[in-house]
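Accompanying notes for the structure given below.
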There are 2 protein chains.
Amino acid sequence: MSAPNPRPTTTGGAPLRVALLGCGVVGTEVVRLLTTQAAELASRVGAPLELVGVAVRDVSAPRDAVVDRALLTTDAEALVDRADVVVEVMGGIEPARGLLLRALRGGASVVTANKALLAQDGPTLYAAADAAGVDLYFEAAVAGAIPIVRPVRESLVGDRVRRVLGIVNGTTNYVLDRMATDGLDLAAAVAEAQALGYAEADPTADVEGHDAAAKAAILASLAFHTRVRLDDVDRTGITGLTAQDVAWAARTGHVLKLLAVAEQVDGPDGGALDVHVRPALVPAGHPLAGVRGAFNAVFVEAEAAGELMFYGRGAGGAPTSSAVLGDVVSVARHRVLGGRGPVESSYAELPVQDPGLARSRFQLRLEVDDRPGVLAQVASELAERGISIEAVQQTVEPDGAAGAAVLVLTTHTATAAALHATVEALRDLDAVRDVVSVLSVLRVEEP
Amino acid sequence: MSAPNPRPTTTGGAPLRVALLGCGVVGTEVVRLLTTQAAELASRVGAPLELVGVAVRDVSAPRDAVVDRALLTTDAEALVDRADVVVEVMGGIEPARGLLLRALRGGASVVTANKALLAQDGPTLYAAADAAGVDLYFEAAVAGAIPIVRPVRESLVGDRVRRVLGIVNGTTNYVLDRMATDGLDLAAAVAEAQALGYAEADPTADVEGHDAAAKAAILASLAFHTRVRLDDVDRTGITGLTAQDVAWAARTGHVLKLLAVAEQVDGPDGGALDVHVRPALVPAGHPLAGVRGAFNAVFVEAEAAGELMFYGRGAGGAPTSSAVLGDVVSVARHRVLGGRGPVESSYAELPVQDPGLARSRFQLRLEVDDRPGVLAQVASELAERGISIEAVQQTVEPDGAAGAAVLVLTTHTATAAALHATVEALRDLDAVRDVVSVLSVLRVEEP
C-alpha cells in the first residue's frame, strides 16, 4: 500500500505504445485483436493502442499475415524501453523475468500470461510494479479465457474464500475424459491429445501437474492474501492413472479429474493453507464432474457468496488473447484516467500446511484373497489408525485372478500421513495381494 | 471519458466513512460482513471502513443484533452527506435515486444493488459519477453473488461479446424446476416458493419477468457499449406456462428456462441488439439446462473467448452482500490509492431491434384432428411464410380428446413476425383444434 499516487502518463487522445514480447499462437491472436478491433479498443480505452513492436527470437520465421513484419525485432530490451504497456506471452522464466522487471522499473504497465514466472517469482514483479506505481495484470495466466483472477482478486475481496477447486489444465482433462468415454489407456489418450494439438510433444508439464501447480499457487495467493509459490504446492500428476482407475471411478459414482485445490484449514492464528494438485474422485453430480474435453472450470466456496463456478476455454490462442486484451484495456484505461488496479495483497501470511497433515476422504482399491475374514483384517488396520470407513464394495471380477476379489473402500476424512501408514500396513497383510490404487475423494460441502 | 483526474480523498490509514441505505435482508448481512471482517477489510483496502450510519424507515423495527441501533437514522440525506462511500440496498426508484444522485454530486463513491433504478435511469447516475470523478459500482444488481458485471465490464472488454444468456431470476428458476421434477402446476410451485422464502407475497416482479428484464438491460448495456433501458427489453414472463409445457419440453429433449438474452445481430453500422426475456426451450445437454433450483447462471459467447459460464447463488442476503462488499473494497481502494474504476461506455449506440424482426427457432404444439392430410396443411402454412421445419412429432395421447392428435413442430430460425402470422393462420384451419403453445428454442452455437 506504499505506492505513490498514480500519475496519468498519457492524456486522453495520445496513443498508448504497446510492446508485445513473443509471437506464438497467443501472440499472433493478440496482434489480430489489436489490429481488427483497433477502433473499438480506442473507444473503450479513451486513446488508441499503437502496437510499436513484437519481440521474437527469429524475425525470418514464417508467420500469420496479420503480423506486420516491419514490427518484428530481436531487440526486446530496446522495445520494452519505448512502451507504455508491455504484453508478455513468451513464457518461461528468462528472459521474460528480466524484461518484465525492466519494463516495470521503466514505468511501463505489464500484462503477462506467464504462470510459471508468477508462481516462482511473483512477489519480485509485484514489488517492482509497486515501486513504479504501475499495473501488473495476469488474467491469462490462469484458466485462459475464463475470468478468474479478476473475480478472486476484486469481486470476492469483501468475502472470505474457504476453498478453490480448479480444473485448470485442459490437456489432462481431455486425456481423462477420453479415458472415461472410450476406455483408452493413458498413453493412447495422450497420443490422441498430441495429434489434436491439445498436448505438447513433451507433455511433462501437463501430465505431471506442473502447469496446474503454478495456477494453484497463483489462485491460492490471490484467494488467501498470502504468498504461495510453486514449491509450496503438493503435486501429483496423472501419469500413475490407469484405464481401470477411470472405470472404477465411474462404477462408484465418480469422475476422475486432476484438481488444483487451495483451501484454508482451521487452526490457531487464522489456520493454514492446503495447496495441492492431484487426481481426485469427483462425485458425478458435482458441477466439476460435467466439465468435458479441454474445457476448464474453477469452483470457489466463499463464506458469504456460497458456491460459485467459472467455466470456459482454458487454453488456445484466441481464448487466451481475449483475457490478455481485457487486461491491456484495463491497464491502458488507468494510464489514461489515472489510478491503478489492485496491488499485491499478502497481509494474511498464512503458513502452508505439511502435506502429511492434509485431510481428505480416500478411496482404496485392493486385490485381496476371496475368503472370509479378509475385510475384518483390512478394516482393523484402518481402525487402528483412527480411519473410519464410509463404504465398502467387494466384487469378484470376471477377468480377475483365480481366488481373488476386488475390495473398494471409501473412508471418511483422514490425514494423508495416517492413510499412507495404513497402506503400508495393508501391503504387509498376507490376504492383500495388491493395493492397486489410492485416490482422494472430493469433499462436497452441504449447500 | 471526460472525467477529471481522480484525486485520493483520504490518505492511507484514515478511516473511510461508509453509509448504508436500507437494512433489510441484504443490508443486515452487509453490516455483518463490515463488522465481523473489519480487520481483514482494512488490510485489503489500506484503511479502516467505518460504518457511520444506517438509514431506515423505522428505527424502532426489530432487527438482527449485529446492527448497532445507535447507527440507525431516518435522515438519509444527512447520512449521505457525511459519507465517503454510500451503499444502497433499499431498492425501488425513489428515494434511492435522489439519494444516490446527492451522494455522487457530493463526491461520495456509490455501491448499489438496485437493478430497477440502473435499468431505468443508469445514464443519469453514470453522468453524476463522471462529473464528480467518483465510482458507481453495482455487481450485486445482477445475479447476486456471481461476479458477472466486473467480468463483462472489464475482463471481456478486449473481446467482442456476441450473446449473453442468463438465468438471472432464482424465483422463476425454482418454480420451473419444481414443475419439471415433480409435475407441479405453476400456482402450486409458486406457492411452494413463497413458503420457502424464494418468492415474495406478490410474485409479479419475478413471474412476469420484470426483475429479469432489468438485469437484461444492465447486461446488454455493459456487453454492447450501448444504453439499453428496461423499456427496450421485449419481455414475457412464465405465467402462461403449464405443467404440460414443462413435460413436453422434457419429451423433446429440452428444459424450459426463463432466459434473459442480449445479442448483437448483424446488419449495417454494426447491426442491432435483440434484448429479451422469455421462457425458452434449452437443449438438455447445454450447461444452462443443468442450473437447478434457485441458482443463477450467465452464459457469455464472445468472439475470441468462446463460451463462458458463470454460476452461483443469485439472491439471498449473504450472497448478495458478498458482491456488495467486493464493490465496497474496490471503490474504497480507489479512494485510498487514487484512480477510478470503469466509467460508462456507450460509444457503440446500437439500436434495439424491433421484436418482430427477432429471429429464433420455435416449437409449436398443436392439437389437431387425427386424420391424413393435416400435417400437409400445417406444413404448407409454414412454407408459405418461409418457415422451414426441422422436426415433427405426432402422437395420440392416452388422455387426449377423441379423434385428436398432438403435433409438435420445431422450426429452423424464423422471425417472430412470420411465426405469429403463421400461428394466426393455423388457428383458422379447421383441422387445427388449438395452438396449445408457442415457445422459443435456444439456438446453440457450434463450438
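Glycine too: its Cβ is placed from the backbone N, Cα and C atoms.
Unlike curated entries, TrEMBL annotations are predicted automatically.
Among the features that TrEMBL reports, NADP(+) binding site is placed at B:L21, B:G22, B:C23, B:G24, B:V25, B:V26, B:G27, B:T28. Positions annotated as NADPH binding site by TrEMBL: B:K115. According to TrEMBL, the feature L-homoserine binding site maps to B:E200. Sequence annotations record features per position, and here TrEMBL assigns active site, proton donor to B:K215. Taken from TrEMBL, the feature domain 'ACT' covers B:363-440.
Of the chain residues outside the NADP(+) site list B:L21, B:G22, B:C23, B:G24, B:V25, B:V26, B:G27, B:T28, B:L20, B:E29, B:V30, B:V89, B:M90, B:G317 have their Cβ within 8 Å of the site's Cβ mean position. Annotation: B:K115 are the binding-site residues among B:L21, B:C23, B:V25, B:T28, B:K115 whose CA atoms are within 10 angstroms of the CA of B:K215 (active site, proton donor). A straight line from the CA of B:V25 (NADP(+) binding site) to the CA of B:E200 (L-homoserine binding site) spans 13 Å. Here the Cα atom of B:L21 (NADP(+) binding site) is found 15 Å from that of the residue listed as 'NADPH binding site'. For the domain 'ACT' (B:363-440), the DSSP-based tally of helix, strand and coil residues reads 23 helix, 33 strand, 22 coil.
In this structure, the binding-site residues under consideration are B:L21, B:C23, B:V25, B:V26, and the one with the smallest number of other Cβ atoms within 10 Å of its Cβ is B:V25. Listed in sequence order, B:L20, B:V54, B:V89, B:M90 are the same-chain residues six or more apart from B:G27 (NADP(+) binding site) with CB atoms under 8 A from its CB.
The most crowded of the recorded positions listed here (B:K115, B:K215) is B:K215, judged by how many other CB atoms sit within 10 Å of its own CB. When the neighbouring Cβ atoms lying within 10 Å are counted for each of the binding-site residues (B:G22, B:G24), the highest count belongs to B:G22. Neighbours of the residue listed as 'L-homoserine binding site' among the binding-site residues B:C23, B:G24, B:T28, defined as a Cα within 10 Å of its Cα, are absent: none qualifies. According to DSSP, B:V26 (NADP(+) binding site) sits within a helical segment. Predicted-model confidence for the domain 'ACT' (B:363-440) is 95, expressed as mean pLDDT. Annotation for B:T28 (NADP(+) binding site): spatial neighbours B:R63, B:D64, B:V66, B:V67, B:G317, criterion Cβ-Cβ under 8 Å with sequence separation of six or more.
Looking at B:G22 (NADP(+) binding site) and the residue listed as 'NADPH binding site', their Cα atoms lie 15 Å from each other.
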